[in-house]
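Peer 1: Input: one structure, supplied below.
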Amino acid sequence: MEAAEGTVNGSVDYKGNPVHRSTSGGWRSASFIIAVEVAERFAYYGISSNLITYLTGPLGQSTASAAANVNTWSGTATLLPLLGAFVADSFLGRYRTIIAASLIYILGLGLLTLAAKLTTVNLHDCRSTKDARLCAPPRFQVILFFFSVYLVAVGQGGHKPCVQAFGGDQFDGQDPKESKAKSSFFNWWYFAISVGITVTLIVLVYIQDNLSWALGFGIPCIVLVAALLVFLLGSRTYRYSAKENGNNPFMRIGRVIVRAIRNRHNTPSAMPSEEDACLWDRCSGQFKFLNKALLAPDGSVEDQNVCSVSDVEDTKALLKLVPIWITSLAYAIAFAQTSTFFTKQGATLDRKIVSGFKVPAASLQTFIGFAIMISIPVYDRIVVPIARGLTRKPSGITMLQRIGTGMVFSAISMVTAALVEMKRLETAKDHGLVDLPKVTVPMSIWWMVPQYILCGVADVLTIVGLQEFCYDQVPKELRSLGIALYLSIFGIGSFLSTFLISTINKATSRDGQESWFANNLNRAHLDYFYWLLAVLSALGFSAYLYFARSYIYNREGAI
């Protein structure tokens with residue numbers, strides 16, 4: 001009896017037996033999983049953060065071609081987690097998918113290191129012979145490089161949605177103590193990967209730019225091999241999700257939608273038994289049209305082929321995420337600016353810290369990482385306990401309240417960026433630098449720190465909140481898909497940002513006028529763009545607030 005009380009519902013051990021709470025899961029198991037994710041983020045950002053430099057340097061591409069290739073690769077890498085989640089939730093399971101994806105990832109990084117080494121040899125021959133024809137890398141090397149980076153994208157697509165979901169699986173949300181730990185897990189998860197990304201921006205980018213591209217790609221490969229070994233060491237301690245239904249979860253949900261459409265004109269016949277009436281009443285009031293999936297063609301609920309109540313409720317759970325997903329896109333559009341226009345802003349300012357040393361404009365993004373690393377401990381150890389005492393909720397505030405608060409900080413960061421840009425433009429005008437874009441504007445780079453810090457605080461609230469929300473509110477069998485849906489918000493947001501910039505650029509550069517995004521930033525109007533994003537953020541938050549206030553959490557006691 002004591003063993004039964006100590007088991008975790010819905011979880012098994014590596015042998016498929018009921019798993020015991022005292023010998024599995026928790027922070028011990030989560031630590032192995034966090035380690036492999038930190039290594040993966042180190043590897044991914046080791047490529048993405050400096051990819052355009054490699055394309056325009058060793059591969060000799062034009063800036064426009066390189067930017068297009070980076071955007072295409074980044075967009076593909078962002079959407080592939082949806083495929084990875086489908087494979088994990090339908091066939092392999094999260095654990096096996098992580099191992100398979102890691103092996104693909106390592107192969108891609110290994111081939112990328114080889115491609116970089118071959119290109120380096122080619123460049124050496126070019127310099128030694130001074131033959132311009134040798135400067136362009138052979139077609140084979142270019143093909144090998146792109147095959148390698150897209151292989152990395154495939155590995156990341158299987159790795160990213162599964163690792164975080166698998167980490168969350170190590171905590172039982174039904175246990176009061178583990179429920180608190182589970183909420184903290186998402187905080188410290190984001191803290192850990194922020195550390196990995198910050199180290200990449202500081203260390204790995206320097207190695208790539210100043211020492212060797214082959215070494216810069218080879219180190220992440222070695223790190224990921226070590227991380228996979230660490231992940232495998234924890235196999236005996238992990239909790240694995242036990243499939244409650246043998247059917248493919250995607251097939252079950254698709255079947256509900258198809259049956260509901262087919263039965264849209266049917267009405268329930270007289271219930272032949274009290275049990276059937278109870279079955280119908282168990283369905284939630286939202287998306288009532290899906291309840292028709294419970295009916296047979298004649299309106300009865302006796303047909304063995306009708307969908308179950310759990311199938312219908314799982315489908316409703318996914319549909320309820322759609323309004324939150326859509327209204328989060330405004331935040332994702334603002335999020336996309338930190339690595340683009342914020343950097344261009346910073347490049348025009350006085351970046352000197354000490355004599356002879358300037359802060360690289362792209363390195364300003366480390367302020368976001370520092371803000372995250374400071375904010376998460378403050379939030380988890382100070383804010384949450386205080387809020388927990390007031391609200392009696394394990395997480396202090398609800399997931400949707402947390403997401404919304406971050407959206408407010410994001411809007412404030414856009415307002416701050418607009419004000420700083422107005423100050424920059426005024427300074428350039430006062431010093432006669434409007435037509436001298438290459439001359440440093442006499443304004444300290446420290447003016448930009450507040451907008452980066454506000455973005456970091458917003459990330460701690462909204463991004464971590466979205467991770468936990470998308471994981472917690474999807475059916476248990478589809479939690480990898482939940483994480484993939486969270487990731488797709490930022491993928492689509494990035495594409496929307498590109499579309500918005502392109503549209504504004506065309507509209508504002510007509511009749512010979514200077515575009516808001518003119519190459520000469522002293523004549524451009526990034527401040528107008530930031531004000532527009534602030535308005536979009538406010539509108540997005542208003543729509544989000546409307547849907548969030550009416551949202552009904554799927555599980556009793558959900559936070």
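All residue numbers here begin at 1 and follow the chain in the order shown.
Each residue, glycine too, has its Cβ placed from N, Cα and C.
Automated prediction, rather than curation, is the source of TrEMBL annotations.
Pulled from TrEMBL, these are the listed features:
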TRANSMEM  98-116  transmembrane segment
TRANSMEM  136-154  transmembrane segment
TRANSMEM  188-207  transmembrane segment
TRANSMEM  213-233  transmembrane segment
TRANSMEM  322-342  transmembrane segment
TRANSMEM  362-379  transmembrane segment
TRANSMEM  400-420  transmembrane segment
TRANSMEM  445-466  transmembrane segment
TRANSMEM  478-501  transmembrane segment
TRANSMEM  528-547  transmembrane segment
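For each listed feature, how buried is it and what is near it?
Peer 2: Within the same chain, residues 43-44, 47, 51, 58-60, 69, 73, 76-77, 80, 101, 104-105, 107-109, 111-112, 114-116, 118-119, 122 sit at least 6 positions outside the transmembrane segment (136-154) and bring their C-beta atoms closer than 8 Å to a C-beta of that stretch.
Through the fold, the transmembrane segment (188-207) approaches residues 34, 37-39, 41-42, 45-46, 49-50, 164, 167, 215-216, 219-220, 362-363, 365-366, 369-370, 372-373, 376-377, 380, 459-460, 463-464, 467 of its own chain, all at least 6 residues removed from its boundaries and within a Cβ separation under 8 Å.
For the transmembrane segment (213-233), same-chain residues at least 6 beyond its ends with a Cβ under 8 Å from one of its own Cβ atoms are 32-33, 35-36, 38-40, 42-43, 46-47, 50, 54, 58, 98-99, 102-103, 105-106, 109-110, 112-113, 116-117, 119-120, 204-205, 207.
Proximity of distant same-chain residues to the transmembrane segment (322-342), defined by a Cβ-Cβ separation under 8 Å and at least 6 residues beyond the stretch ends, is recorded for 362, 364-365, 368, 400, 403, 406-407, 410-411, 413-414, 417, 448, 451-452, 455, 458-459, 462, 466, 469, 485, 488-490, 492-494, 496-497, 500, 517, 526, 529-530, 533, 536-537, 539-541, 543-544, 547-548, 551.
Long-range contacts of the transmembrane segment (362-379) within the same chain: residues 49, 187-188, 190-191, 194-195, 197-198, 201-202, 205, 338-339, 342-343, 346, 445, 448-449, 452-457, 459-461, 464, each at least 6 residues beyond the stretch ends and with a Cβ under 8 Å from a Cβ of the stretch.
Cβ atoms under 8 Å from those of the transmembrane segment (445-466) belong to residues 186-187, 189-190, 328, 331, 335, 338, 342, 345-346, 349-351, 359, 364-365, 367-372, 375-376, 379, 399-400, 402-403, 405-407, 409-410, 412-413, 416-417, 420, 423-424, 486, 489 of the same chain, restricted to positions at least 6 beyond its ends.
Within the same chain, residues 71, 74-75, 78-79, 81-82, 84-86, 88-89, 94, 97, 160-162, 164-165, 168-169, 241, 249-250, 314, 318, 321, 325, 328-329, 331-333, 335-337, 466-467, 469-472, 517, 529 sit at least 6 positions outside the transmembrane segment (478-501) and bring their C-beta atoms closer than 8 Å to a C-beta of that stretch.
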Peer 1: Is the transmembrane segment (400-420) packed against any residues at least 6 beyond its ends, judged by a Cβ distance under 8 Å, and which are they?
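Peer 2: Counting only partners 6 or more residues beyond its ends, the transmembrane segment (400-420) has Cβ contacts under 8 Å with 324, 328, 330-331, 334-335, 337, 342, 345, 447-448, 450-451, 454-455, 457-466, 469, 526-527, 530-531, 533-534, 537-538, 540-541, 544-545, 548, 551.
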